[in-house]
Amino acid sequence: MAEESLLLQSPNASPSKSSSLLSEISNASTRPLIFAFTAISCGAYTFGCIVGYTAPTQTSIIKDLNLSIADFSFFGSILTVGLILGALICGKLTDLVGRVYTIWITNILFVIGWLAIAFAKDVWLLDVGRLLQGVSVGIFSYLGPFYISEIAPKNLRGAASSFVQLFTGVGLSVIYALGTVVDWRKLAILGSIPSLMVVPLLFFVPESPRWLAKVEREKEVEAVLLSLRGAKSDVSEEAKEILEYTQHVEEQQDVDGRRFFKLFQRKYVLPLTIGVVLISVPQLGGLNGYTFYTDTIFTSTGVSSDVGFILTSIVQISGGILGAVLVDLSGRRSILLVSQAGMFLGCLATAISFLLQKNNCWENGTPILALSSVMVYFGSYGLGMGSIPWTIASEIYPVDVKGAAGTVCNLVSSISSWLVAYSFSFLLQWSSTGTFVIFAAVICIGYVFTAKLVPETKGKSLEEIQSLFTDSHPQDSTVF
């Protein structure tokens, strides 16, 4: 609480700073930037809808298609298979065809996946649709934050990335709510609408200037920056910085002669470790356990599932909005530390509620403690750990290894997510209290790691951030 108080009272979060931020948002809101933000936000919203789709539809799908529990379990879990496949190809795909064409591909896969589910008569088409959704989600997990970081002004980059990630939580909440009143086929059709609506905008979404520089389309860089910053903006310095840094990186790549394995040079060890640890901490810290088994947690401790879900959804979205407002005022690192501290306390309180329930202690207060702990966990996650790890990961890698680094981070996120989702029910059978103590310990390790090793990236250009890591090491120093 003391840290949170310091964060909120920071001089960086003064009224004059807030007014300055609003002014910057107004000045930076060009039509191409708004179109790009809308396209990525719709993708994030669809991401949330896809993740939450199976929870409210399980009973009706099993009944309508006469599925076994094993059939439906496979339908739910094949999303993870697709997610891992998407994670494996995301970096190479975006480097090969560009960011905008990859947005087209993910939107097409989103729509085909939803329609395959909506019109499925047999389980195989249901599974194909879910697999395609998984591939598109795996690609988008990397594409969304990385593309936004490459086109947004440096003083708005954190807020833009955080607001995009916020739409994932909105999609998850909306699909849960609609799933209680809408048939599963109609729900799938509704899920496809955002991807269809965004198609006309994609004709006006600009390519990333940094990708253009990477593929030697230098003449287009300044024109794209002008469309993003406004025709009257002076983008010459920004364009020069992007082109010079990209040329510097490409010269190093020519000397080194390697592609993917260049990521494992010694100078990239710290940024790669930062990205992998920050992205895996919320997953290994119990996020999927809380997300997929919230009903189990509430039922086990005597809380109404409906009340619990509504309150936790409100708290998570509120935390996300607060985090998006503060991220470019107070900084990434400060909010990460507050977020991790809150998640740690939430896990610890959940563990205590299970311990009290098991020993029949404080029977009247245990449900309140359980509900409060889940709300604290999700509110804290929404504040920072839901968006900032990917924001930082999108900022710290140079253009020559960004695809490879994104693939590694995305793959680690997918595998750690699957690991917790698969093992959570077994861990609960072993010890409910012990399970959440383990999650709390993981988050505590993440807190120490962030405090010691994660730099502040607020207000710096991508090239300045990347130079912090790469300019202090010899370029030929390798780990493998």
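Note: Cβ is positioned from N, Cα and C throughout, glycine not excepted.
Please treat TrEMBL annotations as automatic predictions, because they have not gone through curation.
Features reported for this protein in TrEMBL:
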DOMAIN    32-458  domain 'Major facilitator superfamily (MFS) profile'
TRANSMEM  33-55  transmembrane segment
TRANSMEM  67-89  transmembrane segment
TRANSMEM  101-119  transmembrane segment
TRANSMEM  131-148  transmembrane segment
TRANSMEM  160-181  transmembrane segment
TRANSMEM  187-205  transmembrane segment
TRANSMEM  268-287  transmembrane segment
TRANSMEM  307-327  transmembrane segment
TRANSMEM  334-356  transmembrane segment
TRANSMEM  368-392  transmembrane segment
TRANSMEM  404-424  transmembrane segment
TRANSMEM  430-450  transmembrane segment
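If you count C-beta pairs under 8 angstroms between the transmembrane segment (368-392) and each of 131-148, 187-205, 430-450, the highest count goes to 131-148. The highest tally of CB pairs under 8 A with the transmembrane segment (67-89), across 33-55, 101-119, 131-148, 160-181, is held by 131-148.
Taken as a whole, the domain 'Major facilitator superfamily (MFS) profile' (32-458) shows an average pLDDT of 87 in this prediction. Counting Cβ pairs under 8 Å that are 6 or more residues apart, the transmembrane segment (101-119) and the transmembrane segment (404-424) reach fewer than 3 and are not in contact. Remote same-chain partners of the transmembrane segment (404-424), defined as residues 6 or more beyond its termini with a Cβ less than 8 Å from a stretch Cβ, comprise 80, 83-84, 86-92, 94, 138, 141-142, 146, 259-260, 262-263, 268, 271-272, 275-276, 279-280, 283-284, 286-289, 292-293, 393, 397, 435. Long-range Cβ contacts of the transmembrane segment (33-55) within its own chain (Cβ-Cβ under 8 Å, at least 6 residues beyond either end) map to 72, 75-76, 79, 103, 106-107, 110, 113, 117, 133, 137, 140-141, 143-144, 147-148, 151-152, 160, 163-176, 179, 187-188, 191, 194-195, 197-198, 201-202, 204-206, 228, 291-292.
Taking every recorded stretch in 131-148, 160-181, 268-287, 334-356 and counting its Cβ pairs under 8 Å to the transmembrane segment (187-205), the highest total belongs to 160-181. Counting same-chain residues at least six beyond the ends of the transmembrane segment (334-356), those with a Cβ under 8 angstroms from any Cβ of the stretch are 3-4, 7, 10, 278, 281-282, 285-286, 297, 300-301, 323, 326-327, 362, 365-366, 369-370, 372-381, 383-385, 388-389, 432-437, 439-440, 443-444, 446-447, 450-451, 454, 456. The list of residues near the transmembrane segment (160-181) in space but at least 6 beyond its ends in sequence, with Cβ under 8 angstroms from a Cβ of it, reads 37, 40-42, 44-53, 55-57, 144-145, 148-149, 152, 187, 190-191, 309, 313, 316-317, 320-321, 323-324, 327, 382, 386-388, 390-391, 394.
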